[in-house]
Amino acid sequence: MATLVSQSMRPRPHKPKLTTGKVVSAILRYGTLIIMALFFLLPFYLMVRNGLATEMDISSPQWSFFPGSLHFENITELFSDPDVPFVDGMINSTLVAVLQTTGQILVCMLAGYGLARIPYRWSNTIFYSVLLTLMIPFAVIFVPVYVIVSSFQWVNTLQGLVVPGIFSGFTTFLFRQFFLSFPHELEEAGRVDGLGYWGIFWRIVVPNSGGIISALSVITFIAAWNAFLWPLAVGQDSSAYTIQVVISAFMNSQNVNMHELFLSTAIAILPLVVIFFILQRFIVEGYKQSGLKG
Amino acid sequence: MYSEKKVEPMKSLSTPSQPEIISLRNDTKASRQRIKQQNRKAALVFWCFAGPLILGLTVFFYIPIIWAVVLSFANARATLTPTGFVGFQNYIDMFKDSAFTSSLGTFLLFALFIVPTTFAASLGMALLVNSVKKAQGFFRSVFFLPTACSYVLASAVWRMGIFSGTDSGLANTVLHLFHLNSFDWITTPTPPWFWLVLVTVRLWLQVGIYMIIFVAGLQEIPRELYEASYVDGAKKGWETFRAITFPLLRNASISVLLLNIIAAFQAFDEFYNIMFGGNLSLARPPLVYIYQVAMFNQDFGHGSAGALILTIIIIAFTLLQGRFLGFGKKD
């Protein structure tokens, strides 16, 4: 510090000096952040608290943060409740999310590369027809899409849940933008080695696009897992319910079993929380690039 | 590769002897054929790459919209094919239908609540998170974590856990602390406190994404600008925020505003699940009403007309966004 003081004639904007004002402002800032963080975590806490409590604890007018003991037997109760197709819902959601993510990334990545790199006279026209689809969100045209899908007899089927969500103009657009800035030299090297477009794409481009593939996969997976309107319209029979529809039907039924409802929300979000903590970097990147999706 | 071949016949043009011209003709014919062949090959490869997407978009985007236009001019009750055309009657019915027009009003009211609160909260949180040095990542994660939650799950927690009308609800427990009586948050029409439920659930779910957009915007502002302004005597805080931070967040701000409006326009999940049953008439956004018309009443003529009206409104918003963000402009 002594040397610092001796040089203090020069302005040093980066060296912080602790003043009372700064300490107070830091305490205020961290205080606000901590209180807000607690509010943001509260709903997650409620899922677990009510999920592992008894019905009595939940409906008790004396609200307490840690009611009684934890009732892990609620888990077996939920999994074996014949009125709530919870396990089927989790299986359906897993299938839908995995298939839709794989399909969407594959289809849109291929199309994005084709639009970015392969010279074809109608390429621009086709690109504009893809851009046009960005203006209209899927949710707004769910009635017309439902009409088409039900004319295929796809209501209550896995393909009805999965296939219409695969073709995303948005994901294609983001892949195209990425491939446009992909280094030409790498692709040229592949061409010299005798690879065609197909070989260059799979051997050179895809292995070097891990970042964007992960980012878009993660946000597609989250959107597919959390989707509600389309699964509600197409999955009309309880065997075709995704977990979101199962929980919605459960909460809107006559006699709601509270601890099972909350436990089902806690378990339904668990896969996403795990994904969130492992892949948060990619999720942030994905949202930054897409602004907002789903 | 074939730019060299193109140059060759050009050279031979300068020495116009008869046989050479013939050979030139043959040459162009051959090279034209080669180009044609190459084009055909490129087209084939192109369709291998883009074909699946284009096919899918045709079947699940373009054909449905065209079909919806057809159905919107027709009678289609409990059937997917038109039974007699009725002109603009479906559209007229929809605009005369007070439930539909009031659903557009509900959207406007909802947007009026949700857009400013989300904007202010996400900007404030971005500034706050960006201003601290320690544990920045931790706070960003916590605020971002709700984006992993679905509207259905959040609706369950809000409706059954926080804002349930019973004494055991969390919000009512807070009221009891202030010696107020329990309140039926969702089913009471006046005062319309159900809006608090609907706005807070969406705020909690989406504010993290918008915060990330603002944080990204903040990190792009060059530090030198602040340092220069301090030299000019500006005070840290409101002055630099007004003069530097906010103007330079223009693009992020417009993105957040318009994405937010477009998202609010598609509101469905939380209204359907929180206001389920009789309470839906208190707050029913357009998509929920169209869902009821098409899926409950199986009236696809009116449902399609309603969907197309929404489509046109949302295109207007998107074009507005493009205009504000300067898409298609060169500078």
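Cβ atoms are placed via backbone N, Cα and C, with glycine included.
As annotated by TrEMBL, domain 'ABC transmembrane type-1' applies to B:104-321. What TrEMBL lists as transmembrane segment is B:42-70, B:104-129, B:141-160, B:193-216, B:248-268, B:300-320.
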Residues from the same chain, set at least six apart from the ends of the transmembrane segment (B:248-268), whose C-beta lies under 8 A from its own: 107, 110-111, 114-115, 118-119, 122-123, 202, 206, 210, 213-214, 216-218, 220-221, 225, 285-288, 291, 310, 313-314, 317-318, 320-321, 324-325
Stretch in B:42-70, B:104-129, B:141-160, B:300-320 most in contact with the transmembrane segment (B:193-216), if contact is a CB pair under 8 A: B:104-129
Within-chain partners of the transmembrane segment (B:300-320) [C-beta distance under 8 Å, separation at least 6 from its ends]: 65, 67-69, 71-72, 74-77, 79-80, 82, 86, 90-91, 93-94, 100, 258, 261-262, 265, 286-287, 289-290, 293-294
Positions whose Cβ lies under 8 angstroms from the transmembrane segment (B:141-160), at least six residues beyond its ends: 125, 129, 186, 197, 200-202, 204-209, 211-212, 269-270, 273-274
